[in-house]
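What follows is a set of notes on a single structure, which appears directly below.
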Amino acid sequence: MACLSCRVLPEGAGAGLWREQDCRSGGILSSSSSPKTGWRLVGRGEIAKENNNRRLRSSSWIRGGDFLKNERLCVVAAPPGLALSKQHSSKVVMIMSVKATETSKILIGSGGAVLEDVPHLTDWLPDLPTNANPLKHNPAYSAVRQYFVENTDVVAKDAVVNLSTAGDGIHFRRAGPRDKIYFRPEEVKACIVTCGGLCPGLNTVIREIVCGLWTQYGVREIYGIHGGYRGFYSRNTTDLTPKFVNDIHKRGGTILGTSRGGHDTTKIVDSIQDRGINQVYIIGGDGTQRGANLIHEECKRRGLKVVVAGIPKTIDNDIEIIDKSFGFDTAVEEAQRAINAAHVEAESIQNGIGLVKLMGRHSGHIAMHATLGSRDVDLCLIPEVPFYLDGPGGLNEFAKQRLRENGHMVIVVAEGAGQELIAESVASLDKFSDASGNRLLLDVGLWLCQKLKDHFVKEFKEPLNLKYIDPTYMVRAIPSNASDNVYCTLLAHSAIHGAMAGYCGFTVGPVNNRHCYIPISRVTATQRQVNIADRMWARLVSSTNQPNFVCYNKFHQRRRRRRPDHHHHHEGQQICWTTASRVTP
């Protein structure tokens, strides 16, 4: 789900013109929570493009709670007593462009705040009774002031805003225990499943879900689903108790096993229904979370009192919206050991290069943070920044310069970097994929090692002492560190509080250091990448003094102007993406 944008116009702006913005969210609108106290939502109509602006072309009344499905809308707010006709009024002070989807649930708060809410059991089971939260009588929490979270508590997506628009923008429902819950603990049958690749902290999340349900809410039926999604219909389950999971956080991997693929929504929900399960906790990455949303939608379609809660997992830290994913801190810390080893190897020999390949299919967060944490790295290559080998400012020239200055160097490369580069001479990028549909990557580490060795032998007539370290699976398989253990506990507890309160179809995670319930479609819409226009990347480039490969396009264009025949291919030759020069395969 993309960004929902609001723009406040001053009174008397007239005609209701506003800049075209990328707004693809929408859904349920509440007239009781209008942009300003006593104001109401009044506009609904067609949008016509006029130059680079948009204007409301026609208007009609909408009722609070109308479900606005699959259409682009204009929502305006007007002061009490003002009747809007099809002609625009100068009194209109807020215009919002929305495209609704079936699963969207949007509420408008005072001052222009927009809440992207998550589904709730009462959306399709309106007569569900509530129960008092047993945490009221839990001695561990009896001394905590204001322990319960109000249903009106929200967290802003953006912490830094302009003073003139403070209070506007996207918000998410704050996570935490509620005063009233929609499950009696003795009726709860919960299950936990882990999917996708390994990540430090999986066992910690499992442990804390079990212990949280058991000790805080008194739930006694908790099951572990073996082997990922297919375990719902092809494997046995394990009864999970605090005693059983007591020390699993000290081990790497997942005690439940995992797999990719195997998602069959009908079979999975059939199994959930047959077993009488009413709380499903799903731990996995973006593909897993999309599968969780399908399970939620099917449970909703069948009218089941089943909560589906997602705990986002990716070691690459590439999940959008949330501050970071669990296991990331552990991965960065473990990567330091590989970088330190590479540095020792490189500085111990003439013309020594230590090359470390780290995880990061589509984003270079681990590589960037490990580089900044180490300070021994001379060059960091990530998927977001294409690099080239030959020519001014290229990798080979930089390596030669750094070896002359220091006698050694350390290179860190994310596994997804340079894939287009390798594909030019090795294979098609889209030729293979795994069971989850992820593109299988070509080995940039081995390819880069060979390219560097060949270049130095050919150009400088001297060998290169290169040591290649690939700690990928060592990093994935270790237990989580103390920081991630605490984080995993907060994720698990936030998930069970939300499930007991009847929220469903959500992913839990911290936004601006406050845990929230986020619509699954929000976190799976895009992947977070390193922002190379951000100060963090600038700090890295300043630290390593590496070439600014962002300027590659300018270099490539200059090269083209000098070689007007660059686009002519000769038999047995191809154009190398790195240098725009012919190479023989």
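All positions are counted from 1 along the displayed chain.
Backbone N, Cα and C atoms are what each Cβ position is placed from, and that goes for glycine too.
Over in TrEMBL, the protein carries these features:
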DOMAIN    190-497  domain 'Phosphofructokinase'
SITE      Gly287  site 'Important for substrate specificity'
BINDING   Thr314, Ile315, Asp316, Met359, Gly360, Arg361, Glu415, Tyr473, Met474, Val475, Arg476  substrate binding site
ACT_SITE  Asp316  active site, proton acceptor
COMPBIAS  561-570  compositional bias 'Basic residues'
REGION    561-585  region 'Disordered'
Top of the binding-site residues Asp316, Glu415 by count of other CB atoms within 10 A is Asp316
Rounded to a whole number of Å, the separation of the Cα atoms of Thr314 (substrate binding site) and Gly287 (site 'Important for substrate specificity') comes to 11
Rounded Cα distance in angstrom between Met474 (substrate binding site) and Gly287 (site 'Important for substrate specificity') is 23
Among Thr314, Ile315, Asp316, Met359, Gly360, Arg361, Glu415, Tyr473, Met474, Val475, Arg476, which the record lists as binding substrate, the farthest-apart pair of C-alpha atoms sits at a distance in angstrom of 17
For the recorded positions Gly287, Gly360, the largest set of other C-beta atoms within 10 Å encircles the C-beta of Gly360
For Gly287 (site 'Important for substrate specificity') and Asp316 (substrate binding site), the CA-to-CA distance in whole Å is 14
Looking only at the domain 'Phosphofructokinase' (190-497), mean pLDDT returns 92
Around the Cβ of Thr314 (substrate binding site), other Cβ atoms found within 10 Å total 26
For the binding-site residues Met474, Arg476, the largest set of other C-beta atoms within 10 Å encircles the C-beta of Arg476
